[in-house]
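Step one of this worksheet: look at the structure below.
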Amino acid sequence: MLMAVDIGNTQTVLGYFEGERLRASWRMTTEPYRSPDEVGAACAALFALRGLSLEDADAMIVSSVVPDLTGTYRHLAADILQVPFYAVGPEMDLGMENRYDDPSAVGADRLVNAVAARRYYGAPAIIADSGTATTVCAVDAGGAYRGGAILPGLYVSMDALASRTAKLPRVDLEEEPPRAIATNTPDSIRSGFIYGYAGAIDALIRRFKEELAAEGETEGLRVVATGGLSPVISRYCREIEVLDPDLTLKGLQVLYALNASRAR
């Protein structure tokens, strides 16, 4: 069993793989200062809820944007579970070219999404990931990671608005805005965030398509949405073709299979 871990700034997603099959997944709050024992206990409890055992893990792979927690999971794998540990980073073989100016500066989650999109949807591809940050990234027709765009996530922007204004509340974005032209303040905020972010993502995707088209890179292009907030926002996006909430976990499994086989 492979334990795949996607550590984000707000949430950590765990995946349990049998071969290429994602058997179960869980989300928990990212808490950077928890000890390996505490993290292990939390993971074990989540596994047990599905009738699974953490001790069945025979390897762990981690994608992390929180460096402190990378070390925590490394310790959990090596010293407690005593299984091989893989961390997505500059030294890992991605099986694809990384054409970022500084390849080591790309967020691990962005690379993992690119790997998964190419594997499951082909190249070229555009990936929109809606989480703590919203990212839109491109894979060209040759299968290379080309880079992308980053903007604040929905709730990061919501927190900024609520904290910097006296009369604009934090609202639940899971509730659908009835119309773009809203007639009360909560719905006006929902309209601005939902339709505004959907429009921003669509605009970026269209610009990506234009730039890739100028290089003859758009034949067969797919546009994929993922991330914890993707179910909220993607249905309002006109450019999104596929919603795959498990894309990052699937990319981790692809990278594990590639790197574990070469380590043997």
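Using N, Cα and C of the backbone, Cβ positions are placed for all residues, glycine too.
Positions annotated as active site, proton acceptor by Swiss-Prot, on the basis of sequence analysis: Asp109. Asp109 (active site, proton acceptor) falls within a helical segment according to DSSP. Within the same chain, residues at least 6 positions away in sequence whose Cβ sits under 8 Å from that of Asp109 (active site, proton acceptor) are Asp6, Gly8, Ser63, Val65, Asp129, Gly131, Thr135, Thr248.
Long-range C-beta contacts of Thr132 (ATP binding site), restricted to its own chain and to partners at least six residues apart, with a cutoff below 8 Å, comprise Gly8, Asn9, Thr10, Gly153, Tyr155, Val156. Sequence annotations record features per position, and here Swiss-Prot assigns ATP binding site to Asp6, Ile7, Gly8, Asn9, Thr10, Gln11, Thr12, Val13, Thr132 based on sequence analysis.
Residues annotated as substrate binding site in Swiss-Prot, with sequence analysis given as evidence: Tyr100, Gly107, Ala108, Asp109, Arg110, Thr185. For Ala108 (substrate binding site), the count of additional Cβ atoms within 10 Å of its Cβ stands at 23 [all protein chains shown].
Under the three-state DSSP scheme, Asp129 (K(+) binding site) falls in the strand class. Annotation comment: Swiss-Prot describes Asp129 as K(+) binding site, evidence class sequence analysis.
For Arg110 (substrate binding site), the Cβ neighbour count at a 10 Å cut-off comes to 23, with all displayed protein chains included. Of all the binding-site residues given, namely Thr10, Thr12, Thr185, the one with the smallest number of surrounding CB atoms inside 10 A is Thr185. Same-chain neighbours of the ATP site beyond Asp6, Ile7, Gly8, Asn9, Thr10, Gln11, Thr12, Val13, Thr132, judged by a C-beta within 8 angstroms of the site's C-beta center, are, in sequence order, Thr30, Val65, Val66, Gly131, Gly228. Here Tyr100 (substrate binding site) comes close to Val106, Tyr145, Gly147: these same-chain residues lie at least six apart in sequence, with C-beta atoms under 8 angstroms from its C-beta. Taking all protein chains in view, 24 other C-beta atoms sit within 10 angstroms of the C-beta of Gly8 (ATP binding site).
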